[in-house]
Structure formats: structure tokens, C-alpha cells
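Asker: Have a look at this one before I ask anything.
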Amino acid sequence: MSKTVTVTGAAGAIGYAILFRIASGQMLGPDEKLRLKLLEIEPALKAAEGTAMELYDCAFPLLESIDITADPKEAFDGANVCLLIGARPRQRGMERADLLEANGQIFKPQGQAINDHAADDVRVLVVGNPANTNCLIAMNNAPDVPRERFSAMTRLDENRAVSMLAQKLNVGVEDIRDLVVWGNHSPTMFPDLFNARVKGQRAVDLVEMEWYENEYIPRVGKRGAEIIEARGASSAASAANAAIDHVRDWMLGADSLHSMAVASNGEYGVEEGLVSSFPVRLSGGGEYEIAEGLEVGDFARSKLEITVGELKEERDAVKQLGLIG
Ligand code: NAI
């Protein structure tokens, strides 16, 4: 049996960086045959066709077919894995409410189409920003799909946090385990060094609190902006890489805690229903479990309150706009 993978925003920068890796088997494993469905807006269909030509030209043994469409119903028909990457970027002069509304117009119908047309075992990863709230909108518009099937991406933030800590401590990235970020995929996110381990030691014990609070946390949070400043374009290959990590570990399992933004059941005092990044255990098969019983002291609690407060504001704004019930 092959899997149907739907990718939205397929003609964009992340789309171009991720499709070849999916088709080569890096996301679902070397034995899983794939049917790709690419969703784009009309003006970008031709560019998506160009990408599809290149995918065929790679002669990937796992790739069975590619369909390209501007119709969400067609794109999500029978989808087992959906990567919702396409989104409306913030433009000059756009208020946050305008951004949420513009994206709501994308993620509401996509949620409905997933509800009505995707496969029974569908799993959804939202990458397009504002990712947590776009995920909240899609999830709330797919009432027949269990909410554990929806997630938003904070794995890039985690990967950035791991890499920056490894450089600071002069260790390998593989020496760092259980480093997760909490909350919103935004500069308010909280990278947690209290529960992270470096060669078995608590990471927070290996750094100065001053550095952690005033350098590390802001730098991880603002890494996206730093990349735009340097590259003149937002992170694409590293975002694609993180999306591959996220889905691969969700489907195939991982032996460390990782970060996934998922619907809260009230864990750690995060209001029920918000899509917040949590530490998750991944046993494979598209299941996750929010890790309970981790240390959340006063410092972490105060950071968590800020980032979850932002999620609440976004949730209230999209509720007011009628994008969620
Ligand atoms: P891009 O602008 O290069 O590509 C976006 C693509 O989405 C375009 O081809 C556009 O035509 C398409 N699109 C727009 N509306 C669509 C719709 N309704 N249906 C299908 N396709 C649609 O942007 P890029 O660099 O690929 O980034 C995509 C998104 O990912 C952005 O929202 C960006 O902010 C976000 N992002 C999220 C990260 C995360 O860690 N969660 C990291 C990096 C980027």
C-alpha cells in the first residue's frame, strides 16, 4: 500500500526544498511508496508543474504519481499525511488581525476539505505561519477528525536551540537530548534547558543563567528574523528539514523528547484546546503522548505564561472573526 502525501504551497521555497526529500523516502521511510498531491493557488500552478517535472526527472523509485490542483477537495482526497505549508505572508501595513483573517480564509476551507475527503488515518502538520493558530483553525473546522491528528511545527525552533547550545558547550548535537521548546512558534517561545540533558547532565547547570535568559532565549526566538536579515528570504531548507524530522519521528518514532505544537488537554496549566508546543514522546505509528511530570519551576512558568498568553490572544482574535466555533 502506498501513502498519499498532500503538500500545500508546493511551488514555494519550502515546497521546493521538501518535495525531493519526501519523494526520496526521507520522511516516511525507504519502503513506503508515495502518491504526491500538490495544492497551489491558480497563479502558481505552472511553477508547481515545473517542480513536478523535476521530481519525475529524479526517477525516485518510491514515487508513484503526482497530482497538481488548486482545489482543496481534490488535493486532500484520500490524504494520509498533509503538510500545510502555503500561507499568506505578512505584508507591509498589515495588522495582526488582518494576517489572522487572511490565513483563516486559507486554513478554514482546508480544514473542512481534510474533514470531508482525507483518509481515515490522516495526520496533519501545519508549517504556514502563524502556524499554531492556523492549525487551531484547521483543527476546529475538521470536527470528525480526532484532534490528536493535527500538529503545528516547532521542530525548527528545537533544532535551532539544540545547535546553538551545542556550539556554546562545544559538544556534538547528538550529545543533547530532550531539548524542547514550549508555546507559540514566535519570538515568545520558551526553549527549556531545565529538562534538557547534555551527556546526561542537566543543561541548565552547564550555562550561566545570564546567558540563558538574555542571550540564548532571545537568539533562538529571533533566529527566523536573523536569517531573513542575512539571506533576504526566510528559512526554507532548514524549515523543510524540520518538517521532515517532525513527520518522520511522528510516524516512525524517536528515542528523545521532541517539540510538537498540539492541542492541549490542560497539561501544565495550558488552557484546554489551545495548540501549544509541548514536549512529546513519539512511539511511532502517528501517535504522540505529551510528556507529563517534567520540571516546570518559577522561571519556566513565567516564560510559559507569556507565550501561552499570546496563543490565547490569537485564539480570541480568530474566534471573533468567526473562524472557529
Ligand atoms: P513562499 O512564499 O515561498 O511559498 C508559499 C507558497 O504558498 C506560494 O507558492 C503560494 O502560492 C502558496 N499558497 C498561498 N496560498 C495558498 C493556498 N491557499 N493554497 C495553497 N498554496 C498557497 O513561502 P515559504 O518560504 O515556502 O514559507 C511558507 C510558510 O511557512 C510561510 O507562512 C512561512 O512563514 C512559514 N514558515 C514556518 C516555519 C515554522 O517553523 N513553522 C519556518 C519557516 C517558514
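Any Cβ shown, glycine's included, is placed from N, Cα and C.
Sharing the record's features from TrEMBL:
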type	residues	note
DOMAIN	5-146	domain 'Lactate/malate dehydrogenase N-terminal'
BINDING	Gly9, Ala10, Ala11, Gly12, Ala13, Ile14, Gly15, Asn103, Gln110, Val127, Gly128, Asn129	NAD(+) binding site
BINDING	Arg90, Arg96, Asn129, Arg160	substrate binding site
DOMAIN	154-319	domain 'Lactate/malate dehydrogenase C-terminal'
ACT_SITE	His185	active site, proton acceptor
Asker: What recorded positions among Gly9, Ala13, Arg90, Gly128, Asn129, His185 have a C-beta sitting less than 6 Å from any atom of ligand 1?
Answerer: Gly9, Ala13, Gly128, Asn129, His185
Asker: Please give me the CB contact count at 10 A for Arg160 (substrate binding site), counting all chains in the structure.
Answerer: 22
Asker: Which of Arg90, Arg96, His185 has the fewest nearby Cβ atoms, counting only those within 10 Å, among these recorded positions?
Answerer: Arg96
Asker: Which of these binding-site residues has the least crowded Cβ, counting other Cβ atoms within 10 Å: Gln110, Asn129?
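Answerer: Each of the binding-site residues Gln110, Asn129 was scored by Cβ atoms within 10 Å; lowest is Asn129.
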Asker: Just report the maximum Cα pair distance in Å for the recorded NAD(+) binders Gly9, Ala10, Ala11, Gly12, Ala13, Ile14, Gly15, Asn103, Gln110, Val127, Gly128, Asn129, no decimals.
Answerer: 20
Asker: Go through Ala11, Ala13, our binding-site residues, and report the one whose Cβ sees the most other Cβ atoms within 10 Å.
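Answerer: The residue with the most neighbouring Cβ atoms within 10 Å is Ala11.
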Asker: What kind of secondary structure is Arg90 (substrate binding site) part of, going by DSSP in three states?
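Answerer: For Arg90 (substrate binding site) - judged by DSSP and reduced to three states - the answer is coil.
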Asker: Provide the three-state secondary structure of Arg160 (substrate binding site) computed with DSSP.
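Answerer: It is helical.
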Asker: Averaging the per-residue pLDDT over the domain 'Lactate/malate dehydrogenase N-terminal' (5-146), what integer do you get?
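Answerer: Mean pLDDT for the domain 'Lactate/malate dehydrogenase N-terminal' (5-146): 96.
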Asker: In whole Å, how far is Asn129 (substrate binding site) from Gly15 (NAD(+) binding site) when you measure between their Cα atoms?
Answerer: 14
Asker: Find the shortest Cα-Cα separation between Gln110 (NAD(+) binding site) and the recorded positions Arg90, Arg96, Asn129, Arg160, His185, and name the residue that gives it.
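Answerer: It is Asn129, whose Cα lies nearest.
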Asker: Could you list the residues of the same chain, at least six apart in sequence, whose Cβ is under 8 A from the Cβ of Gly9 (NAD(+) binding site)?
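Answerer: Those within reach of Gly9 (NAD(+) binding site), by Cβ under 8 Å and sequence separation of 6 or more, are Gly15, Leu39, Glu40, Leu84, Ile85, Gly86, Ala87, Gly128.
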Asker: For Arg96 (substrate binding site), which of the recorded positions Ala11, Ala13, His185 has the nearest Cα in space?
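Answerer: Nearest candidate: His185.
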